[in-house]
Amino acid sequence: MHRYRSHTCGALRESNIGETIRLSGWVHRVRDHGGVLFIDLRDHYGLTQCVVDPDSPAFSLAEKLRSEFVIKMDGKVRRRPEGTDNDDLPTGKIEIYVSEIEVLGPAGDLPLPVFGDQEYPEDIRLKYRFLDLRREKLHQNIMTRVEIIKSMRRRMEGQGFFEFNTPILTASSPEGARDFLVPSRIHPGKFYALPQAPQQYKQLLMMSGFDRYFQIAPCFRDEDPRADRLPGEFYQLDVEMSFVTQEDVFAAMEPVITGVFEEFAKGKPVSKNWRRIPFAEALRKYGSDKPDLRNPIEMQEVSEHFRGSGFKVFARMLEDPKNQVWAIPAPGGGSRAFCDRMNSWAQGEGQPGLGYIMWREGGEGAGPLANNIGPERTAAIRAQIGVKEGDAAFFVAGDPDKFWKFSGLARNKVGEELNLTDKERFELAWIVDFPMYEYNEDDKKVDFSHNPFSMPQGGLEALKGQDPLTIKAFQYDITCNGYEIASGGIRNHVPEAMVKAFEIAGYGEQEVVDRFGGMYRAFQYGAPPHGGMAAGVDRIVMLLCGTTNLREISLFPMNQQAMDLLMGAPSEATTKQLRELHVRVNLPQK
């Protein structure tokens, strides 16, 4: 018999009754029933009930066992007594009568329990992550992640893609966040950077003639902590294709992402035909470039109904041509209590409040706004936005560039409060026609709005002749249930157009050559049209596992202060290490 086990703890069935076996694993829990000890033994594969009675030679040692001891036990498989089956366990019809126990690894007092669903402070869980990972739900999440990545690989290979690994030590580039820098010992004063994404390398692969690339790529960004992003590193399904249009990328990737969701959705419906929503439309209808389309509410502009009306606050605002009034329909929300609750919520979000109209029996509008603008305008609003008796609508006014995010939050809040958002499905969509540039208020200059390597719609001609803030890019996102889960674009592969695109954003040609020398050189020697995307593995796994915390689907994540509490990173370097790297630490003044 094998030194440690003949079977795993999830393998034994009724067909094994009568066999002498050996198991190894962790003591999940010990129960004493009238002097007979029941030991639940657990490993990666499952759990088996083991029985030790006072007649067993192993009894004296079994009495000393505690949770999370690692043990080996020999025994005989037998049928559980009638009425004691556990249908929740694959091994629930059998048990092991134990004849011998060996302790392989004793366990001290546990800083957090493995058995049970008790909530513990996150810092404790991260410091003792090896214990946390033994807990059933987290262990399942990690294995679901493994299977999702396997599914992604299988589907990408089925679409004719080849998996390549790109360098981890590379050059710094402006991807939109700070780089993690690595000092070079061999080249004093110079630094490598960990890749924020394999963007340039995957484009270089297309110029090298490999046609279709993918990898599960680690990416590193030195960003301030955010609730929807893990600090430090994350993983993406990175993709690039040669000789393709935007439609070709969509046709290749929709079945991959849809297939992964269908495989792991646990029966929840997954949208078959993805909607394509222009960026500007997404902001206007949903107040977000990653709208939750499970919520049926669509906002509408209703400025004309308030222009010159008796509601002077909105009427005066609309004298400025850039200002608008948007309506957020609230089906079933026509009660004073709900409207007051939404008003209080808005004030908690730093807003002066939310104007509203409720529609009573007979279609009569009620509330301060309705009283100020009169029945004719109230009826016209109702007709435009399609509400009925018992419904309400909330109104947001001002410069849409400044209020669209809040209006999106209000739409989400209404959907949640009125149970309009269907939580039992996955709604996928493409967001298209992103602006190529945006105005950076802090730096008072035009800047790239997203990926600087995207092809502008209209090409070089648009870059030379259009107002930069009106240029759209061949750039797209995939959204699911209010999350951006992928982003991509058709690349700007024309050297002159690349230089012009960066020039508009304030980069001179020499700076482009210096910072993107490898790719710029490659463009001079025959670059194919190409495009691709990157899908966030972590967010996809998070959605499919039904959690909202990325740490619940990651093996060894950092905390929100970007600290690895298990390994003690970041840590100070020794004087010797710093000298070898020719680096001096200049700490900020306290």
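Using N, Cα and C of the backbone, Cβ positions are placed for all residues, glycine too.
Within the set 3-6, 91-94, 155-158, 199-202, the record from Swiss-Prot flags 199-202 under the feature region 'Aspartate'. Cross-referencing GLU281, GLU484, GLU580 with the ATP binding residues that Swiss-Prot gives (ARG221, ASP222, GLU223, GLY536, VAL537, ASP538, ARG539) picks out GLU484. Applying an 8 A CB threshold to same-chain residues 6+ apart, the list for GLU484 (ATP binding site) reads ASP289, LYS290, ASP477, ILE478, GLY536, ARG539. When Cα-Cα distances from ASP222 (ATP binding site) are compared across the recorded positions HIS33, GLY83, ARG491, the shortest belongs to ARG491. Neighbour count (other Cβ atoms within 10 Å of the Cβ, all protein chains): 8 for HIS33 (site 'Important for tRNA non-discrimination').
When the binding-site residues ARG221, GLU223, HIS450, ARG491, VAL537, ASP538 are screened for a Cα within 10 A of the Cα of HIS33 (site 'Important for tRNA non-discrimination'), none qualifies.
In the three-state DSSP reading, ASP538 (ATP binding site) counts as helix.
Maximum intra-site Cα distance, ATP binding residues ARG221, ASP222, GLU223, GLU484, GLY536, VAL537, ASP538, ARG539: 20 Å.
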